[in-house]
Amino acid sequence: MSEDSSALPWSINRDDYELQEVIGSGATAVVQAAYCAPKKEKVAIKRINLEKCQTSMDELLKEIQAMSQCHHPNIVSYYTSFVVKDELWLVMKLLSGGSVLDIIKHIVAKGEHKSGVLDESTIATILREVLEGLEYLHKNGQIHRDVKAGNILLGEDGSVQIADFGVSAFLATGGDITRNKVRKTFVGTPCWMAPEVMEQVRGYDFKADIWSFGITAIELATGAAPYHKYPPMKVLMLTLQNDPPSLETGVQDKEMLKKYGKSFRKMISLCLQKDPEKRPTAAELLRHKFFQKAKNKEFLQEKILQRAPTISERAKKVRRVPGSSGRLHKTEDGGWEWSDDEFDEESEEGKAAISQLRSPRVKESISNSELFPTTDPVGTLLQVPEQISAHLPQPAGQMPTQPTQVSLPPTAEPAKTAQALSSGSGSQETKIPISLVLRLRNSKKELNDIRFEFTPGRDTAEGVSQELISAGLVDGRDLVIVAANLQKIVEEPQSNRSVTFKLASGVEGSDIPDDGKLIGFAQLSIS
């Protein structure tokens, strides 16, 4: 009978899958173990909510078809996919060893990381397999875009496979994935994200995966990405403004890093070069001296799988076996339960979809579904509301010598604004707008004052910055840095009434950056 069941095609009938424990979750999806009765095999099902995606199913199916043609021992096998109500179910191979992140957390929880989380041989063995998978993807025109320990899975035999590519990224871009080799979509996890992906200026290619690979190497040694303690906006600012991170970045106890040698550190520094052209390819990295330390899968089986958490230890039990309807959501105590009610806006899943961080003044913003959640499809054009565009300054050629005063809608008194913000600003009830002025030079090198309002609980720093760029007031390269400093002010208005910061767009020709004269710099203040 086993031979007969293995010859059967994978079912696209929801009733043929018995959903079991939750084995992973993110902002937009839940992964559950499941038993496929016709195949007599346990699988993993990734359930992605399509309700807010508005992606063309024709385009989506084309991408799934391309993904299903990926066959490589270091890429998780996708068996089939189908739609259940407002969810896309991806059926894939279940790797019982879990993710490398599961193992990292397990080691740290047991206090066995004082001299580094994983040793060099283990890291080299895991990462060599990851490189094999990345080389395959890159040769086939695919960019993974979210390489990290949480997306590196282990089989019970010590095999290593990369998961979570293709459709996940496809959904996050609103269906705007083409077969071009350069992307401009903003997808990925901030701590692992390459600078060129953050900037959204030149576009990026497969070298973005190499940066993420370097961050992952640090994660396997230290237990976390370098800037993991910081909020997303701060991560973006640190990545763009600072020198590339190293093994030591953010690590307080340097003793834990003593056992890591020069070849490992050199490999990391090669990956973490801000200029993507200087980074090696996956094929070139495979020839690096560090990977001579790599061993076989039996080594991983013996070295880490025997002390890894079991699938039952990793799992989050579902409180009620679901029927054909209902929603899965996380409860306050971290458990999972099914609800037959309409979308629960108070659940974690609901919050992700409702997107509390979204700016209503921007109809559809280009964003990262994890970093800047929105309820609209991603990758569509921005539209500036009439009430704002009516107050925009004149074109650059008509700018006066003195800073242009751009008067936006009436503002609240600064004192009241600061008081409101310091006493619980972010609540939906407290919608007192904060008046701000952004002073920077235009393309004619003339100072320009841009006045606008920010309403806590309604606006987001990223959304407002997008409006300024859409209106032609701010260079697109400065999106992240303007948003980061706006966030800094609205979070702590009393201590940050005015900030001066360096622009990512830099200066032209022979100009010398000057923070006093705002050459290559900008100033953001509460007015």
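Each residue, glycine too, has its Cβ placed from N, Cα and C.
Since the structure is predicted, the reported quantities are computational estimates derived from the model, not experimental observations.
The active site, proton acceptor annotation in Swiss-Prot covers D146, and the record cites similarity to another entry as its basis. What Swiss-Prot lists as ATP binding site is I23, G24, S25, G26, A27, T28, A29, V30, V31, K46, and the listing cites similarity to another entry. As annotated by Swiss-Prot, compositional bias 'Acidic residues' applies to 334-348. Per Swiss-Prot, compositional bias 'Polar residues' is recorded for 399-408. Residues annotated as N-acetylserine in Swiss-Prot, with similarity to another entry given as evidence: S2. Among the features that Swiss-Prot reports, phosphothreonine is placed at T185, T310, with the record citing similarity to another entry. The annotation region 'Disordered' is assigned in Swiss-Prot to 315-360, 392-427.
All features noted in Swiss-Prot, drawn onto the structure.
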residue: I23; record: ATP binding site; Cβ within 10 Å: 22
residue: S25; record: ATP binding site; Cβ within 10 Å: 18
residue: A29; record: ATP binding site; Cβ within 10 Å: 21
residue: V31; record: ATP binding site; Cβ within 10 Å: 21
residue: D146; record: active site, proton acceptor; Cβ within 10 Å: 24
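Each residue contributes its Cα atom, and for I23 (ATP binding site) and D146 (active site, proton acceptor) those atoms are 19 Å apart. DSSP assigns V31 (ATP binding site) to a strand.
Geometry remark: D146 (active site, proton acceptor) versus V31 (ATP binding site), CA distance 17 Å.
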